[in-house]
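Peer 1: Got a structure for you, written out below as C-alpha cells; questions coming shortly.
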Number of protein chains: 2
Amino acid sequence: MALRVLGVDPGLTRCGLGVVDVQPNRSASLVAVGVVGSSSELPLSRRLLVISESIDEWLDAHAPDVLAVERVFSQTNLSTVMGVAQASGIVIAAAAKRGLPVAMHTPSEVKAAVTGNGRADKAAVTMMVTRILKLAVAPSPADAADALALAITHAWRSGPGSTSALGELTPARKLWLEAEAKARKNAEKSSRQRR
Amino acid sequence: MALRVLGVDPGLTRCGLGVVDVQPNRSASLVAVGVVGSSSELPLSRRLLVISESIDEWLDAHAPDVLAVERVFSQTNLSTVMGVAQASGIVIAAAAKRGLPVAMHTPSEVKAAVTGNGRADKAAVTMMVTRILKLAVAPSPADAADALALAITHAWRSGPGSTSALGELTPARKLWLEAEAKARKNAEKSSRQRR
C-alpha cells in the first residue's frame, strides 16, 4: 500500500536519484539511492546519453508510481543551468513515455517539507533525510540526499488537500490517498481517546 | 554520396525540424521539413513527450547521418530558455542513443553561413534557405526555415579543415569528406583552366 516515488536532482556531473516507499501514515523507507553523471570533458551528447540510459534503468529496476523532479530556475547558477535543464528534460520525458505522473518541487519546498525550514542548508536536509528513513549512514553526496528529500517531499505534499496540484491521479495514487485518509482518521480517533 | 543532416531548432511551442541532403559540391536539397510542438497550457511532461516522440519519428523516418542542433544560450529569452534547453536535451539524447554524431551551431554561425551576415534577420535567412534548396515556396514558420538553415550550415561548416570540431567521424562522413575534397580539386583545376 506504499507509494513509491523516484526523486531526481538533475545534473550532468552529478544527477541524484533516490527511490522511497512512503506509507499512508507518512513513514518512509529507502528503496535505492545513487548518483550518476559524467566528466565535463566529455561531449555534451555523451553526457546526456548517460542521463538518458540511467533514468531508463532506474525506472525499469524500481517501477515507481510517480517521478518527482527538482524544478529548475533560470535565475540561479547561469553557468550550469543549461545542463541541468537538458538533463531534467530527458528525465521528465522518460517518465512521461511510460505514462508516469511527473511532479516538480522547488528546493525551498523540499527544505521546508523535510526540515520545517525553507532556507535550511544541505547538512540539515541530509540529517533529516537520514533520520526520516532511519538510515545508519547519511546518504552521500548531497545530490543523493536531495533526491531522497524530493521523493519524501512529494509523497508528503501530495496527500489529501493538495492533490489538485498533481494534475494526474493514477489508480495506485488514488488507493494510497484513500488509505492515508483512513490512517489520519484512526490517528485522530486514538488521540481523542487518549484525552 | 550525399550527407543527410537533420537540423533542429528546439522549442516546446514550435520545434523546427528540417532534413537536407548535401552533396560534396555543397549543393543541397530538401528531404523533409516541419514543426512540432504543443500548447503552453499542457503540463510540461506532456509537452516534453511530444518532443521526445517526434524526434524519434523523424530519426526513424529519415535516418540522417548527423544531427545539428541550435546551441542554446542562457543569456537570451530567460522566460523560454528553460523549455528550449529541456527540448534540446531530449533531442540530443535521442540522437546519441542511436550513435549519431551531434553538432551544435550558434544562431550567428547559421546566419553567417547561409546569408554571409552573422546579424541577418529571419526574413533574410528564410529567403536564402529557399534559394539554396531551390524551393518554389518559402518554408514557414521561421522555426522550420531555421532548422533547414542549421542543417545546411552544418554540412557546409563541417567540410575539410573543420572536421576536428566534429569529434566523431562516421564512415559515411569520411567518404563524403573525401568526395568533397575531390570536388574542390576539380573545381580549382577547371577554374585554373579557364584563366
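For all residues, glycine too, the Cβ spot is worked out from N, Cα and C.
Positions annotated as active site by TrEMBL: A:D9, A:E70, A:D143. The feature Mg(2+) 1 binding site is assigned by TrEMBL to A:D9, A:D143. Positions annotated as Mg(2+) 2 binding site by TrEMBL: A:E70.
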Peer 1: Provide the number of Cβ atoms within 10 Å of the Cβ of A:E70 (active site), excluding the reference atom itself.
Peer 2: 26
Peer 1: Among the active-site residues listed here, A:D9, A:D143, which has the most company in the form of other Cβ atoms within 10 Å of its Cβ?
Peer 2: A:D9
Peer 1: Between A:D143 (active site) and A:E70 (active site), what C-alpha distance do you get in Å?
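Peer 2: Pair distance, Cα basis, whole Å: 11 Å.
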Peer 1: Rounded to a whole angstrom, what is the C-alpha distance between A:D9 (active site) and A:E70 (active site)?
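Peer 2: Cα to Cα, A:D9 (active site) and A:E70 (active site) are separated by 6 Å.
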Peer 1: Please report the DSSP secondary structure of A:D9 (active site), reduced to three states.
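Peer 2: Looking at the DSSP assignment, A:D9 (active site) belongs to a strand.
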